[in-house]
Amino acid sequence: MQSAAAAFGLVRPCPARPPLQLGPGSSSCRPILLHARPLAAGIASSSRGPAAVAARSLGRLLLLPPPPPISPDRAGRGRARHVACGAAAGDAKAEEEESGLAKTLQLGALFGLWYLFNIYFNIYNKQVLKVFPYPINITTVQFAVGTVVALFMWITGILRRPKISGAQLFAILPLAVVHTMGNLFTNMSLGKVAVSFTHTIKAMEPFFSVLLSAIFLGELPTVWVILSLLPIVGGVALASLTEASFNWAGFWSAMASNVTFQSRNVLSKKLMVKKEESLDNINLFSIITVMSFFLLAPVAFLTEGIKITPTVLQSAGLNVKQVLTRSLLAALCFHAYQQVSYMILARVSPVTHSVGNCVKRVVVIVTSVLFFRTPVSPINSLGTAIALAGVFLYSQLKRLKPKPKAA
């Protein structure tokens, strides 16, 4: 019996004392001992064999204190974490909305700059060409200023200096040639006719784009695209018939500008100029600008001569400071609006860019009419409106792809 008692020494009755408090609202170990003692003692007195082993195990199990209840502090921390997670998700959503709003505002600012630079370029350019009828000199100055800006951006690191091979330069050369001719023909037209009329004729760019793509690339347009060209051609014809400043030199110069600019787009697809990582659209435009300057400068020297000098301007009775300042501003706006155009193209789809370009043409036409007080008849306005509506329709239909034929 003593050995049995020794085996259950763990369940000897404790001296009478207050139960041990584990915490607020918790139980003590004393009630468990009072219930465990009679049960264990009864088992021990009945047998010394396997029952004794079971009794010892039972005694150990019954002596374990109950698990402490969840502290109110822990529960509060859990609720706090849940609230914090919800708040973090709400903050992330708010930051995403703010980021989207910031991008929208940035894009709107770029469109505004694109239109503003274009307006000032056309105004200053027309003012200079009106009194200084040497478009090759003016175009050369514009390319020269663009070259200086491009070199400055490369040297200062504003624009990453491109790594370009001789083969790439050779492939870009045809693009530079047609780019040079396109801007030269535009300036020739602006010197002969009103700004509004030049831009009305240039609304026919989609017509030449479809024509040249079909001839050289084999890209046949859909019926809807062809139908959208009808109001463009009809509107330009109607505006030309009623244009007060119409002359054939200005008309054909603007048409030649359309052909050369759209040839540039076709050539870029035909030659498939491969761009390295450092040769983005702005770098490509900068390289073309530099090449255009070196292409046109000898032509200006051999044809018109170097006319844009203080001596020549003064002998012609012109305000030297005014002509040179406006020429410089026109050149800066010329380079700036084209760079901003490429920045917009990197952020939006080509269709959105095309629609923006159509709106830009409307803004330039209206602004030039108001600034220069160009006489415009109702029929002339109607023709311009029809042509621009056709351009907008063309840009919308161009994104529609024909459904594949079922096998």
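For all residues, glycine too, the Cβ spot is worked out from N, Cα and C.
What Swiss-Prot lists as domain 'EamA' is 123-240. Residues or ranges marked as transit peptide by Swiss-Prot: 1-51. According to Swiss-Prot, the feature transmembrane segment maps to 104-124, 138-158, 164-184, 207-227, 244-261, 282-302, 374-394.
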The transmembrane segment (282-302) versus listed stretches 104-124, 138-158, 164-184, 244-261, 374-394: most Cβ pairs under 8 Å: 138-158
Report, as numbers and ranges, every residue of the chain located at least six residues beyond the transmembrane segment (138-158) whose Cβ falls under 8 Å of a Cβ in that stretch; write 'none' if there are none. 125, 128-129, 132, 180, 183-184, 187, 286-287, 289-290, 292-293, 296-297, 300, 308, 327-328, 330-332, 334-335
CB contact flag for the transmembrane segment (164-184) and the transmembrane segment (104-124), at least three pairs under 8 A: no
Please report, as numbers and ranges, the same-chain residues at least 6 past the borders of the transmembrane segment (104-124) whose CB is under 8 Å from any CB of it. 190, 195, 199, 326-327, 329-330, 333-334, 336-337, 340-341, 343-344, 347-348, 356, 359-360, 363-364, 367-368, 371
Taking every residue in the domain 'EamA' (123-240), the average pLDDT works out to 93
